[in-house]
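For reference, TrEMBL has these:
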type     : residues : note
REGION   : 1-21     : region 'Disordered'
REGION   : 701-731  : region 'Disordered'
TRANSMEM : 31-54    : transmembrane segment
TRANSMEM : 232-253  : transmembrane segment
TRANSMEM : 259-280  : transmembrane segment
TRANSMEM : 315-336  : transmembrane segment
TRANSMEM : 361-385  : transmembrane segment
TRANSMEM : 450-478  : transmembrane segment
TRANSMEM : 498-522  : transmembrane segment
TRANSMEM : 600-623  : transmembrane segment
TRANSMEM : 635-653  : transmembrane segment
Amino acid sequence: MPEDGEYYGKNGEPRKHDPSFKGPIQNRGCTDIVCCIFFIVAILAYFAVGILAWSQGDPRKVIYPTDSRGQFCGQAGTPQENKPLLFYFNIMKCASPMVLLEFQCPTPQICVQSCPTKFMTLVSAVNTPSDFDYYKNFCQEGVTMSMGAAQILSLRLCPATLIPSVPFTRRCFPALGQKGGVITVGNSSQFDDGRGNMIDAKNLLDGVSNATVVMEARQVVMKIFEDYTQSWYWILIGLVIAMLISLLFIVLLRYLAGIMVWVMIVLVILVIGYGIFHCYMEYAALQQKPGSNVTIQQLGFQTDFSVYLQIRQTWLAFMIILAIVEVVIILLLIFLRKRLLIAIALIKEASRAIGHVMCSLFYPLFTFLLLAIVIAYWAVTAVFLSTSNQAIYKVFNESACMYSRDNCDPGNYSTSVMKGHCPDSQCLFAFYGGETVYHKYLIALQFYNVFLFFWCANFVTALGQMTLAGAFASYYWAPVKPNDMPAFPVFSALGRSLRYHTGTLAFGSLILAIIQIIRVLLEYLDHKLNAAQNKFAKFLLCCLKCCFWCLEKFIKFINRNAYIMVAIYGKNFCTSAKDAFFLLMRNMIRVAVLDKVTDFLLFLGKLLIVGLVGVFAFFFFSGKVKAFENTAPSLHYYWVPILTVVVGSYLIAHGFFSVYAMCVDTLFLCFCEDLERNDGSASRPYYMSSSLREILWKNKAEDPSASSAQQQDDEDDIQLKQQQTRQDDSA
């Protein structure tokens with residue numbers, strides 16, 4: 001018979017029997033202290049970055065438009081409070097290509113209360129007091145009728161002409177239209193530019209187009225924000241429903257595991273089947289509708305996303321995707337039909353464990369709270385960092401000027417050398433930026449903000465995994481359940497994790513955060529290379545993205561099992577990861593047969609909850625059901641709350657079902673350890689329950705595909721244990 005070392009070889013040494021081992025070790029020390037110190041320093045630096053960003057940033061810059069002086073239009077508590085709209089003196093100046101580079105038109109801009117509604121020139125207005133009083137609403141302060149049109153225009157205090165305009169994204173743009181194929185503004189195809197020249201309305205198109213190229217994206221964001229303000233309470237109701245359904249499923253799994261699993265399987269198939277049917281009905285209903293046969297490629301990018309739902313190709317794509325998912329799930333269920341019974345029994349055993357640790361069901365709420373704090377801190381810091389630039393003023397001119405686009409100071413520009421050399425130039429607000437040390441390293445601070453977000457989010461997730469693993473390990477290794485379990489197993493495990501293993505949690509989270517930030521950088525490079533023609537670079541980048549995606553999944557798997565070993569034995573991260581990996585390698589067949597099938601069943605449960613809540617949200621927000629027409633809020637994009645509810649429902653369901661998944665993984669590793677430590681004899685009894693032993697040994701006995709290699713491994717394992725017992729007795 002082979003020696004122990006020769007037999008186990010590269011898969012490590014098995015655990016030996018230890019009569020004093022009673023589950024999670026209480027007498028343990030701190031692990032990975034260096035990483036713990038590093039993590040604390042990084043968190044303190046993160047707070048410093050947040051304080052610096054909050055002192056420098058101003059979120060108003062993304063909400064309110066800014067006039068030529070850098071003042072916010074419509075900002076409460078300022079002189080511009082009652083002037084929410086931005087007015088351009090000469091919108092045709094916005095046709096300059098520099099607009100796309102600097103996001104600012106080379107023409108004076110002021111805040112106004114309302115947009116002009118009629119044609120009027122300054123030359124005609126200065127002769128009529130009533131007209132001039134109206135005209136002054138679109139002029140800078142200090143203008144008087146006695147100054148005359150020539151002086152007012154030379155000082156650029158008023159526009160030369162007013163054009164009927166409409167508000168759009170808090171800005172006044174010409175009210176363009178079309179009559180008989182001719183572009184019109186204010187129902188007229190021409191207008192007076194204020195200098196005696198008649199200008200075609202079509203000349204305004206380029207200026208309006210360039211001025212709105214950046215505003216359209218902002219308009220979509222603002223509409224989405226408005227949709228959230230109109231539907232946030234309904235979204236919360238949908239998320240509460242998802243939480244109640246998830247909790248109901250978990251409770252029912254506790255008492256009716258077998259029935260609930262089969263109900264989940266049937267309902268998932270039915271919900272996806274209904275999705276296929278609904279997509280087909282929408283696809284068929286659009287058959288006779290004009291313009292519905294346009295392809296998505298021909299349609300291009302549209303800010304109004306509801307347009308995509310008016311073409312048949314969109315619903316055909318949805319139908320094909322759902323059909324593929326349905327077929328894959330059915331095939332998996334057919335091929336895994338024998339494994340399902342064993343996996344269901346394993347879920348039943350996990351339900352018994354959760355029944356003795358009921359507070360574990362509510363631990364995901366604590367994880368959600370911590371993640372919400374991390375996400376909120378990251379989001380607020382990112383907004384303040386992105387708005388912490390200073391107002392930059394540049395020289396704008398109509399004729400040739402050597403100082404064109406140079407930085408300037410609006411306070412003393414009228415007496416500056418630049419104004420002397422370029423009399424017709426102006427010093428106008430251009431954009432937000434800065435040249436200080438802080439502004440030079442602003443991109444580095446943004447990068448640090450993203451990196452710490454990943455690190456902290458992974459740390460919170462890891463803390464939850466180690467806490468639940470410690471609680472369920474206490475259940476498994478208790479000789480008499482639940483008498484020998486701690487009074488509060490979850491709180492005990494949480495205390496051990498934070499007191500002794502903060503460094504270990506930080507170490508595992510750091511590895512994962514580094515991989516995730518590399519993936520973000522690869523996505524950024526991929527976005528930059530979209531317009532490139534280098535196919536080799538695109539192929540290489542695609543391979544790197546795939547490799548790092550696989551690496552991230554592998555590291556998550558290793559971390560999860562490493563935290564279970566840390567919760568039990570209290571060793572450092574590297575040692576625990578090695579022990580967990582070798583233990584899984586020594587039980588590779590069981591991992592593939594049981595653990596992953598159970599994960600698949602739990603995934604179906606999450607899919608069912610998301611499907612049920614998603615279908616309900618669709619009918620409610622889309623107004624497809626007449627009973628909800630007067631109740632549902634009026635929205636720009638009804639898919640915004642639907643998508644939010646679907647994503648939120650998945651996260652909630654994932655949080656609750658992660659308790660089951662962690663319980664199954666912990667029981668599985670403990671079972672493998674139990675098989676190595678004990679042999680079921682009176683001197684070495686198994687800690688596993690009789691039902692769990694029957695489940696896992698039944699799998700080996702009934703399944704020939706469990707491989708003769710696995711059975712041989714178990715037989716050799718028993719022989720080695722018997723040999724070790726004889727050696728101990730002889731000693």
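Placed from the backbone N, Cα and C atoms, the Cβ positions cover glycine too.
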Practice prompt. Return yes if the transmembrane segment (232-253) and the transmembrane segment (600-623) have at least 3 CB pairs under 8 Å (sequence gap of 6 or more), otherwise no.
Written response: yes
Worksheet entry | Other parts of the chain folded back onto the transmembrane segment (315-336), taken as Cβ under 8 Å at six or more residues beyond its ends | 265, 268-269, 272-273, 275-276, 279-280, 282-283, 286, 296, 309, 597, 600, 604
Discussion item. Do any residues, 6 or more residues outside the transmembrane segment (498-522), come within under 8 Å Cβ-to-Cβ of it, and if so which ones?
Written reply: 28-39, 450-451, 454-456, 458-459, 461-463, 466, 541, 544-545, 548-549, 551-552, 555-556, 559, 562-563, 566, 570, 572-573, 576-577
Worksheet item: Apart from its near flanks, which chain residues at least 6 from the ends of the transmembrane segment (361-385) lie with a Cβ under 8 angstroms of it?
Response: 49-50, 53-54, 56-59, 62, 247, 250, 354, 442, 445-446, 449-450, 452-453, 456-457, 460-461, 463-464, 467-468, 490, 651-652, 655-656, 658-659
